[in-house]
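Per TrEMBL, the features are as follows:
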type	residues	note
ACT_SITE	A:Asp7	active site
BINDING	A:Asp7, A:Asp141	Mg(2+) 1 binding site
ACT_SITE	A:Glu68	active site
BINDING	A:Glu68	Mg(2+) 2 binding site
ACT_SITE	A:Asp141	active site
2 protein chains.
Amino acid sequence: MRVLGVDPGLTRCGIGVVDGVAGRPLRMLGVGVIRTPADSPVAERLVLIEQGMEQWLDEHRPEYVAVERVFSQHNVRTVMGTAQASAVAMLCAARRGLPVALHTPSEVKAAVTGSGRADKAQVGAMVTRLLRLAAPPKPADAADALALAICHIWRAPATNRLQQAVAAHRAPPVRVPRGTA
Amino acid sequence: MRVLGVDPGLTRCGIGVVDGVAGRPLRMLGVGVIRTPADSPVAERLVLIEQGMEQWLDEHRPEYVAVERVFSQHNVRTVMGTAQASAVAMLCAARRGLPVALHTPSEVKAAVTGSGRADKAQVGAMVTRLLRLAAPPKPADAADALALAICHIWRAPATNRLQQAVAAHRAPPVRVPRGTA
């Protein structure tokens with residue numbers, strides 16, 4: 001599966017594309033950052049993020065998009081911008097019909113490092129090792145976007161089993177008695 | 001000037017279009033609400049808001065879009081959705097090249113009722129009177145969107161004067177001495 005991870009932000013929106021399946025070596029297809037000028041009006045910055053997202057989606061044709069779930073316990077001003085940037089990322093993916101998954105920062109850290117409280121350096125080091133890179137991707141937003149994509153690939157089997165269980169619970173399979181068909 | 005006001009929200013996004021200039025009677029061209037199902041994934045709800053915005057912009061061709069400025073002192077969960085819905089509204093306007101203005105709720109209330117602390121009923125009553133409607137627009141999100149558009153029309157002359165003053169201060173006009181041209 002090919003996943004495009006997004007670490008949303010107005011000033012720097014991290015993007016990372018990873019290909020692979022759980023339990024097999026992963027491959028990085030691309031990493032980068034969409035930047036917008038801090039002194040531009042928010043509306044124009046959102047247009048730049050949309051244009052950047054479209055380029056990444058066109059170039060890498062991911063099957064899934066994983067976006068960091070935004071919480072509001074952080075700095076109030078930053079969170080609003082992060083929520084707005086994440087909205088544009090989700091919009092670009094969903095209107096192409098791509099499934100959008102949201103993962104919390106601690107889910108991502110736990111998936112990649114084994115600890116939900118890992119720091120940026122640990123996440124960067126594990127991303128570097130898992131993708132067999134020569135050096136940690138910079139800036140941190142780019143490494144976080146790769147971590148999101150890896151998290152999604154590794155969680156997908158569990159998520160799929162959960163969704164199947166929920167679906168099975170909602171609509172039990174119709175059993176056709178033997179010999180009637 | 002023709003202004004499309006947006007009271008952003010994921011569940012109900014109020015839209016109101018008003019035509020007029022400060023100091024003259026105003027005219028309502030349209031009012032409504034873009035609704036999205038609360039049980040749908042956020043990404044899909046943002047696509048529905050985009051589609052709704054595009055329809056309103058296509059139909060009414062406003063020259064300005066005024067969006068309520070989102071603050072985070074309210075309910076945390078609601079604010080994230082409001083920020084995301086406002087991002088889509090701003091994006092749709094800005095990528096058409098339309099100027100996007102943000103007004104705070106108290107600016108809107110003060111413009112329409114004379115008090116920044118007016119309640120929903122007062123805002124609805126003043127919108128009804130100013131636009132010479134038979135009854136207050138419902139739901140409240142629709143009335144708020146009209147109030148935003150009215151606020152923008154009435155504040156525009158002051159805003160323009162301010163912008164001109166700032167521009168003049170930044171780049172003083174070049175004076176060509178007489179007789180040299």
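Even glycines carry a Cβ here, placed using N, Cα and C.
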Recorded positions compared (A:Asp7, A:Glu68, A:Asp141) - highest count of Cβ atoms within 10 Å: A:Asp7
Integer Å distance between the CA atoms belonging to A:Glu68 (active site) and A:Asp141 (Mg(2+) 1 binding site): 11
Whole-number Å value for how far A:Asp7 (active site) lies from A:Glu68 (active site) (Cα to Cα): 6
DSSP three-state assignment (helix, strand or coil) for A:Asp7 (active site): strand
Collapsed DSSP category at A:Glu68 (active site): strand
